[in-house]
Amino acid sequence: MTNKPSAATGRNVVVVGTQWGDEGKGKLVDWLTEMSQGVVRFQGGHNAGHTLVINGVKTALHLIPSGIMRPGVKCYIGNGVVLSAAKLFEEIEGLEKAGVEVRSRLRISEACPLILPFHAAIDIARETFREKGGTEKIGTTGRGIGPAYEDKIARRALRVQDLKYPERFAAKLRELLELHNFVLTGFLNAPAVDFDTVYNEAMLHAELLKPMMADVSRELNDAHQAGANLLFEGAQGTLLDVDHGTYPYVTSSNCVAGNAAAGAGVGPGMLHYILGITKAYCTRVGGGPFPTELDWENPGTVGYHLSSVGAEKGVTTGRSRRCGWFDAALLKRSAQVNGLSGLCITKLDVLDGIEELKLCTGYELDGQTTDILPMGADDIARCVPIYETMPGWSQTTVGVTEYDKLPAAAQRYLQRIEEVTGVPVHMISTSPDRDHTILLRNPYAA
């Protein structure tokens with residue numbers, strides 16, 4: 001494995017989560033970066049949370065691509081990302097304190113919409129308003145992601161490039177703040193956001209951002225032509241996609257592989273291999289339907305085992321993740337909308353010691369059976385899972401790096417996932433550590 005580009009055009013891999021996020025994408029992106037020269041974020045914002053464990057040291061990233069932990073690898077934030085400059089510099093400073101060089105290796109698209117303080121204020125006020133009104137909360141992270149995307153779609157967003165022109169920025173900000181303060185004070189019963197505070201902070205960030213501003217689309221295309229291997233790092237998961245997820249309990253961007261092209265400024269022909277990251281069981285943070293959910297709060301239950309052994313706490317919010325059995329019918333939907341080339345099964349080791357495993361292969365819905373997850377939260381909430389029961393294993397799989405050394409029951413479990421979903425398993429993760437990975441087929445050589 002090497003970080004040197006090939007003589008011909010590079011080969012590019014897209015990494016996406018196939019469930020509700022938190023599948024372990026960060027570790028796999030970091031691992032695959034050993035074979036790439038550039039890592040690209042193409043959607044979401046600092047609502048994402050990627051945890052890397054390298055030589056026993058845990059690092060949490062929210063906005064900066066996971067490839068930053070590999071010396072010499074360039075990292076790109078594409079136009080599909082909504083950018084909080086405040087959170088970006090908080091993250092940069094934390095990495096620099098740990099001895100990681102960031103600023104010379106990070107390129108930020110000038111077309112990124114900005115997340116500003118009033119976006120988070122609206123996000124939080126809306127969730128409070130829903131709760132007081134007796135409506136179930138969406139379960140947002142409260143970081144302003146949704147409101148920032150709303151401004152983008154409404155064609156009124158302030159973008160990174162606007163920071164280069166203070167007078168233009170001020171005029172746009174004043175107009176935008178007038179609208180949002182009207183909503184905050186007149187509808188959501190929340191305090192107004194001060195113009196000067198927002199403007200002055202933005203101008204401080206502008207000077208720091210300027211050296212990293214770039215035409216990311218052009219740089220990625222040039223790097224590809226020069227032979228660089230690129231890795232497109234998805235955030236959240238397919239079932240949180242604004243179109244294909246459990247709507248309305250979703251995020252505000254497209255999390256599927258196809259958005260790697262639009263969110264980074266490359267053609268779809270540059271996406272050569274799609275790797276779907278999938279936990280060996282299911283988890284979900286926040287509200288919304290979850291067909292295979294177990295009792296994960298009471299000791300002695302399988303769900304509690306998954307929650308405690310899997311350390312299922314959200315990286316971004318610290319909220320406990322809901323836990324349940326593996327859902328192959330859900331994964332079949334994810335495979336369809338992403339065009340998956342292969343799977344990486346993570347957290348296989350968490351299943352160690354569970355005597356009997358269940359795998360959902362379909363659902364009963366309104367008197368009918370279906371072998372694929374329906375569209376939309378209302379139908380999914382009415383689904384009754386159809387399970388296959390499989391034997392578990394008592395041997396430890398922690399740190400196993402060869403497929404043949406996995407227990408026979410673990411191998412059969414993985415094979416059944418392949419059979420039901422129609423997608424081959426190409427990688428398996430057996431602990432959070434970077435090196436505890438089984439490689440069956442290299443995405444960069446496939």
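Cβ atoms here come from the backbone N, Cα and C positions, even for glycine.
Over in Swiss-Prot, the protein carries these features:
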ACT_SITE  Asp22  active site, proton acceptor
ACT_SITE  His50  active site, proton donor
BINDING   21-27, 49-51, Arg321, 347-349, 429-431  GTP binding site
BINDING   Asp22, Gly49  Mg(2+) binding site
BINDING   Asp22, Glu23, Gly24, Lys25, Asn47, Ala48, Gly49, His50, Thr141, Arg155, Gln236, Thr251, Arg319  IMP binding site
BINDING   Val315, Thr316, Thr317, Gly318, Arg319, Ser320, Arg321  substrate binding site
From Asn47, His50, Gly318, Arg319, Arg321: recorded positions whose CA lies within 10 A of Lys27 (GTP binding site): His50
In sequence order, the binding-site residues (Thr141, Gln236, Gly318, Arg319, Arg321) whose C-alpha falls within 10 A of Thr51 (GTP binding site): none
Recorded positions listed as Lys27, His50, Arg321, least Cβ neighbours within 10 Å: Arg321
Gly21 (GTP binding site) and Asn47 (IMP binding site), Cα-Cα, nearest whole angstrom: 11
Rounded inter-Cα distance in Å - Gly49 (Mg(2+) binding site), the residue listed as 'active site, proton acceptor': 8
Distance, His50 (active site, proton donor) to Gly24 (GTP binding site) (CA atoms, angstrom): 7
Top Cα neighbour of Arg321 (substrate binding site) in the set of recorded positions Asp22, His50, Gln236, Leu348: Asp22
List of residues, in chain order, with Cβ under 8 A from that of Thr430 (GTP binding site) and at least 6 apart: Leu348, Asp349, Thr397, Val398, Gly399, Val400, Thr401, His436, Thr437, Ile438
